[in-house]
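Annotated features in Swiss-Prot:
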type: TRANSMEM; residues: 21-41; note: transmembrane segment
type: TRANSMEM; residues: 73-93; note: transmembrane segment
type: TRANSMEM; residues: 94-114; note: transmembrane segment
type: TRANSMEM; residues: 132-152; note: transmembrane segment
type: TRANSMEM; residues: 168-188; note: transmembrane segment
type: TRANSMEM; residues: 199-219; note: transmembrane segment
type: TRANSMEM; residues: 236-256; note: transmembrane segment
type: TRANSMEM; residues: 263-283; note: transmembrane segment
type: TRANSMEM; residues: 288-308; note: transmembrane segment
type: TRANSMEM; residues: 338-358; note: transmembrane segment
C-alpha cells in the first residue's frame with residue numbers, strides 16, 4: 001500500500017523514492033512485524049488468560065509437559081496479524097504472488113483457528129475432525145495450485161528445478177498442480193507436528209523464511225538468476241517482503257514463546273506458517289531446497305510416519321515417543337537442549353541448501 005502512495009508523493013518529496021527499493025522495504029517489513037508482535041504479545045496473552053484459553057496436554061506425554069497445562073495458546077493470532085498488516089503496508093499489492101501466499105496463510109490460519117477453538121474452548125481434545133481439516137487444507141491448496149498453473153502455464157514458473165543440474169528444468173504440465181498441492185499441505189502439517197516444544201517450530205520457520213528471502217531476490221533478479229542457473233521469475237522478488245514479515249513476526253513471537261513459554265502458537269499459527277512456506281517454495285520453484293532447508297520439519301514428520309507404520313506392521317515402536325523431539329526428552333535431554341540443538345541443525349541445513357544453488 002505504501003508503495004502506491006510513494007509513487008504519487010515522490011514527485012513532490014524525493015525521499016519517498018526509497019520505498020521503491022526492495023531492500024529498504026524488506027528491512028521495514030522486519031521492523032514493522034517485530035514491533036507489532038512485541039506490542040500485541042502482552043495484550044493477547046492477558047486476553048487469552050482471561051478467557052482461560054490454555055494448552056491441552058496429553059496424559060501420556062512427557063511428565064515435564066504437565067506444567068504447561070493452562071499456558072495460553074492460539075498465539076499464532078499475533079503472528080498472522082503482524083504478517084498481514086506488514087505485508088499490506090510494505091508489499092506491492094499488484095503482485096499476484098503476494099496474494100497467493102496471503103490466501104494460504106490466512107486460509108490455513110482459519111482452519112487452525114477452528115481446530116484450536118474446538119480443543120481449548122469446546123474442550124474437545126480431538127479438535128477439528130481430521131477429515132474436515134484435511135478437506136479444507138486440500139481445498140485451499142488446490143485453489144492456489146490451479147490459479148498458479150493458469151497464471152504461469154508453460155513458463156519458467158511451472159518448471160521443475162532439480163538441484164545440482166543446471167540444464168534439467170522440465171515443464172511439469174498438469175503435474176505442477178499435484179506437486180503444488182502436496183508441497184503446501186505437506187509443509188503445513190510438518191510444521192504443525194514440529195510445534196511441540198517451546199520455540200521449537202518458530203526458529204526453523206524464521207531460518208527457512210530468511211533463506212527463501214534470498215532465493216526470492218535471486219529468482220527475481222535476471223542477472224543473478226542467470227548466474228545461478230535458476231529460473232528467472234520477475235514476480236518472485238516481491239516475496240522478499242513477505243519472507244521478511246515472517247522473520248520479523250517470528251522473532252517477535254519468540255520473545256514470548258522462548259522457554260519457558262508464556263504462549264503457544266497453536267494450530268492457527270503452525271498450519272498457517274507451514275502453508276505459507278510451502279507456497280513460497282512453489283512460487284520460487286525450489287521445492288527440493290525446501291526439503292533440505294526444512295529438514296527438521298521433514299525428520300519430525302518421518303518420525304511419526306515410521307513410528308505409526310512400525311507399530312501397525314510389527315507391533316513395536318522405533319522411538320520412545322513421536323514426533324522425535326519427545327523421544328529425546330524421554331531419553332533425559334532437558335527441553336532447552338533439544339530445542340537449541342534443533343535450531344542449530346536447522347540453521348546449518350538452510351546454509352547447506354543455499355550453498356547448493358552454486359553447485360551446478
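Heads up, the Cβ atoms here are built off N, Cα and C, so glycines get one too.
The transmembrane segment (236-256) shares more Cβ pairs under 8 Å with 21-41 than with any other stretch in the list 21-41, 94-114, 168-188, 288-308.
Between the transmembrane segment (199-219) and the transmembrane segment (132-152) there are fewer than 3 Cβ pairs closer than 8 Å, counting only pairs 6 or more residues apart in sequence, which means the two stretches are not in contact. Using the rule of three or more Cβ pairs under 8 Å, pairs at least 6 apart in sequence, the transmembrane segment (94-114) is not in contact with the transmembrane segment (288-308).
Counted over residue pairs separated by six or more positions, the transmembrane segment (132-152) shares fewer than 3 Cβ pairs under 8 angstroms with the transmembrane segment (338-358), which leaves the two as not touching. A Cβ distance under 8 Å defines the sequence-distant neighbours of the transmembrane segment (21-41), meaning residues of its chain 6+ beyond its ends; these are 2-3, 75, 78-79, 81-83, 85-87, 89-91, 213, 217, 237-238, 240-241, 243-249, 251-253, 255-256, 262-263. Sequence-distant contacts of the transmembrane segment (288-308) (same chain, at least 6 residues past either end, Cβ-Cβ under 8 Å): 161-163, 183, 186-187, 189-191, 193-194, 204, 207-208, 211-212, 215, 274, 277-278, 281, 317-319, 322-325, 327, 342, 345-346, 349-350, 352-353, 356-357.
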